[in-house]
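If you check Swiss-Prot, you get these features:
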type: REGION; residues: 22-81; note: region 'Disordered'
type: COMPBIAS; residues: 55-73; note: compositional bias 'Pro residues'
type: MOD_RES; residues: S71; note: phosphoserine
type: BINDING; residues: 113-119, R142, 203-209, Q304, D326; note: ATP binding site
type: BINDING; residues: G115, L116, S117; note: phosphocholine binding site
type: MOD_RES; residues: K243; note: N6-acetyllysine
type: MOD_RES; residues: S275; note: phosphoserine
Amino acid sequence: MKTKFCTGGEAEPSPLGLLLSCGGNAAPTPGVGQQRDAAGELESKQLGGRTQPLALPPPPPPPLPLPPPPSPPLADEQPEPRTRRRAYLWCKEFLPGAWRGLREDQFHISVIRGGLSNMLFQCSLPDSIASVGDEPRKVLLRLYGAILKMRSCNKEGSEQAQNENEFQGAEAMVLESVMFAILAERSLGPKLFGIFPQGRLEQFIPSRRLDTEELRLPDISAEIAEKMATFHGMKMPFNKEPKWLFGTMEKYLNQVLRLKFSREARVQQLHKILSYNLPLELENLRSLLQYTRSPVVFCHNDCQEGNILLLEGQENSERRKLMLIDFEYSSYNYRGFDIGNHFCEWMYDYTYEKYPFFRANIQKYPSRKQQLHFISSYLTTFQNDFESLSSEEQFATKEDMLLEVNRFALASHFLWGLWSIVQAKISSIEFGYMEYAQARFEAYFDQKRKLGV
């Protein structure tokens, strides 16, 4: 789960790739050019023919040491009194039945750890309060994170630019809530119980989030592929131009180039990352992806283990045990990014409880065999006639897709690397954002070496 951050003029898309004033339907395009809160400074040529099978050489040792496994999280962690009071009032005012007469001393709330963007809480009725009707007894309270603090990252900009930032931030949240409601109505996501400027109340689904290691389990990987293919097949009433990816990276990069840290350690970390000549790298990446075929579909854009629920009671089901959640980055985008981004997430564990609160291991990137397993499950769901193709046609399709997603994995590293630098400045979530940015750019250059680009 990662926090949105947007800048730019009125003609640019929000981080969701959406414009309230934009309409029209754009056909899928052949290429880019042809169409994870307590420390503010805690901080090829176009594919006309078939390509040879993409060989992924053995990766080098991981750039970061692997700390010991995390200790169990604290139980029933409580929010600060002001947050508790606001949560109580939201639940009392938005939820029906027994919630309406609930006293504050009867209100139960606990912190849900693990979000890198938003603050999450479980709110519930006590066992002593009987239900009146079919009202939920537990709900999830989501409070928006650093997107509400965008001004602080652009203090030197014009008042007009700051106002545009604030408008686009508010627009993004409204549109994400609209998207959330649509997916809920289609039974593709949790129900929406209430929405307000600071966040929303969602259905609390008995479940747990996947662990990073579970992404590589064959049955889990196959179902994620099927869920993603279904997501990609949806028709949504949003801007269908694939502007989100490079529009967002350009905005992040502009912010990063203007950032100033007061802590010397952060200054040195930023200096090291800027020595990579990020503007030139971004243009090289754009040139590479311009000649990489990838259909434009409705993408999740953040399909990591923390955004995939394992449903309680469905653990032994073959194909109905998972649910995708957290759609704040969803937009029409290149398919290769969504899948490549998911593959990148195999390398990162965000559950480590000591600084920098994540572990990275490049060796965990899926092997060619694991990628083909995912791609086969994806194509069987996404492409109705895939299984009727000849074995030669299936092979060629999968080889093209291997090249597609591994190239777009570069964009994943670049995007979240920039994102993390911005978060180091504006986020109040306790996380080693600068260390994470460094890890993503190290992985970016490693992926370039593997691909020979």
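Just so it is clear, glycine is given a Cβ too, placed from its N, Cα and C backbone atoms.
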Per DSSP, three-state class assigned to F204 (ATP binding site)
coil
Of the recorded positions R113, F204, S207, S275, Q304, which sits closest to K243 (N6-acetyllysine) by Cα distance?
Q304
Least crowded of the recorded positions R113, K243, counting other Cβ atoms within 10 Å of each Cβ, is R113
Between the Cα atoms of F204 (ATP binding site) and S275 (phosphoserine), find the distance and write it as a whole number of Å.
45
Quick check: in three-state DSSP terms, what is M119 (ATP binding site)?
strand
Give me the CA-CA distance between R113 (ATP binding site) and S275 (phosphoserine), in Å, as a whole number.
34
Between the Cα atoms of Q304 (ATP binding site) and S275 (phosphoserine), find the distance and write it as a whole number of Å.
29
In angstrom units, rounded to an integer, how far apart are the Cα atoms of S207 (ATP binding site) and S275 (phosphoserine)?
43
S275 (phosphoserine) to M119 (ATP binding site), Cα to Cα, whole Å, comes out at 33
